[in-house]
């Protein structure tokens with residue numbers, strides 16, 4: 001007896017005419033996936049033998065999912081006057097070439113998508129569950145556009161290079177677990193981290209964290225820069241800022257640097273326009289050659305911001321940015337300006353051969369003049385810290401502040417060659433434990449330390465020596481705070497906090513990873 005159409009065990013599967021529309025998807029998949037990205041479970045022979053029923057089901061899912069997407073993206077019938085919306089990447093992408101993230105989707109029969117947790121010019125970051133390793137991960141989905149793919153491939157190469165030289169994951173660099181292509185998007189799988197340092201500042205109501213916590217963060221970041229400066233790497237991050245420094249755990253002070261999307265190796269500089277404006281070094285502003293020292297400049301700006309709660313140099317444009325730098329540090333050295341292609345954008349030459357600021361519309365009415373806004377006053381060295389908020393607190397004496405001020409000024413030297421190196425910074429007196437700290441840090445009977453707690457411990461001096469002995473030292477996005485997005489691998493920030501010492505798991509109270 002003939003089986004009526006629409007009945008029988010395979011009634012839900014596409015018919016002969018529909019099958020011709022589905023086949024291109026199945027045939028194109030192996031072509032799009034380079035051999036390096038395939039695994040044994042995706043072999044065509046297995047799909048058409050052992051996993052045949054599963055393959056049929058997948059064909060059905062792909063067909064009806066595509067049909068549904070096209071129906072959703074199709075213009076209304078009464079919109080004949082409107083321009084038809086273009087379907088990108090078979091309906092998987094939006095107008096910005098970003099993948100349309102759907103919670104609950106399972107990729108490669110392995111990653112279950114949870115939610116979108118970050119978005120930027122490069123693409124997006126999603127939180128996902130890896131069913132194979134049974135852990136949460138962060139997946140960075142690169143835009144489906146050649147220019148972004150090319151840049152992401154550079155990032156991928158640098159991440160793999162760093163992984164090879166940091167197998168024990170002890171140098172505070174985010175760990176890349178693996179990568180794959182999915183629906184024409186390069187996807188990078190990272191360990192899942194927590195809040196970024198800008199989130200941390202926001203939760204202090206921008207009053208800043210203690211000098212003790214600032215020291216812990218500084219020590220880890222200097223160690224990371226020392227690692228990046230090893231001859232085998234010689235990597236310039238090019239976008240060091242609070243948003244790109246993440247806590248490993250919301251209750252501890254261990255951190256990792258993320259987002260190497262703008263990074264390059266020494267001698268292989270790609271872009272001239274780099275670094276977020278608040279953290280942009282003078283050599284980049286002036287258009288002169290740059291090296292690893294630009295990251296040390298950014299670090300100096302970050303450390304001041306972490307303690308005061310406000311950016312040290314918050315220019316509204318490049319001219320204003322240079323003016324704010326000059327306000328604190330004075331006019332850059334004449335030899336540096338003499339060789340700078342963009343010097344006359346900010347300065348004009350005096351008859352005697354020196355340089356002075358150009359009188360432009362960007363010059364603020366409240367501008368105080370070169371070197372008149374002293375870092376000592378910004379930090380409150382003699383007045384109990386920024387705004388007097390740290391007066392009387394252990395570890396915030398004038399001597400502590402003088403050491404901090406000296407380290408920052410060495411990080412903010414105009415001449416890149418004169419700027420302190422990561423190794424020099426780690427040997428600075430700011431990181432030496434004082435008698436005051438020994439008395440007031442940690443519970444009685446415990447061995448107090450300025451380093452993060454157990455699993456978060458900074459490398460010892462022997463670790464720093466092992467890096468430096470291989471030759472490592474620094475040789476020589478939206479910019480406005482209101483519009484800054486977080487290139488982060490974390491969730492929404494927790495409730496406001498008033499104390500960020502992070503010396504015990506209870507400090508951040510109800511904070512948790514999601």
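Residue positions begin at 1 at the first shown residue.
Each residue, glycine too, has its Cβ placed from N, Cα and C.
As stated in TrEMBL, the feature region 'Disordered' covers range 67-86 out of the listed 27-46, 47-66, 67-86.
Between the stretches 301-345, 436-480, TrEMBL puts its region 'Disordered' entry on 436-480. Segment annotation: TrEMBL labels region 'Disordered' over residues 380-399 (candidates 380-399, 400-419). There are 27 other CB atoms within 10 A of the CB of residue 140 (ATP binding site), with all protein chains counted.
DSSP labels the residues of the region 'Disordered' (380-399) in these numbers: 5 helix, 0 strand, 15 coil.
Averaged across the domain 'Protein kinase' (111-431), the predicted model reaches a pLDDT of 96.
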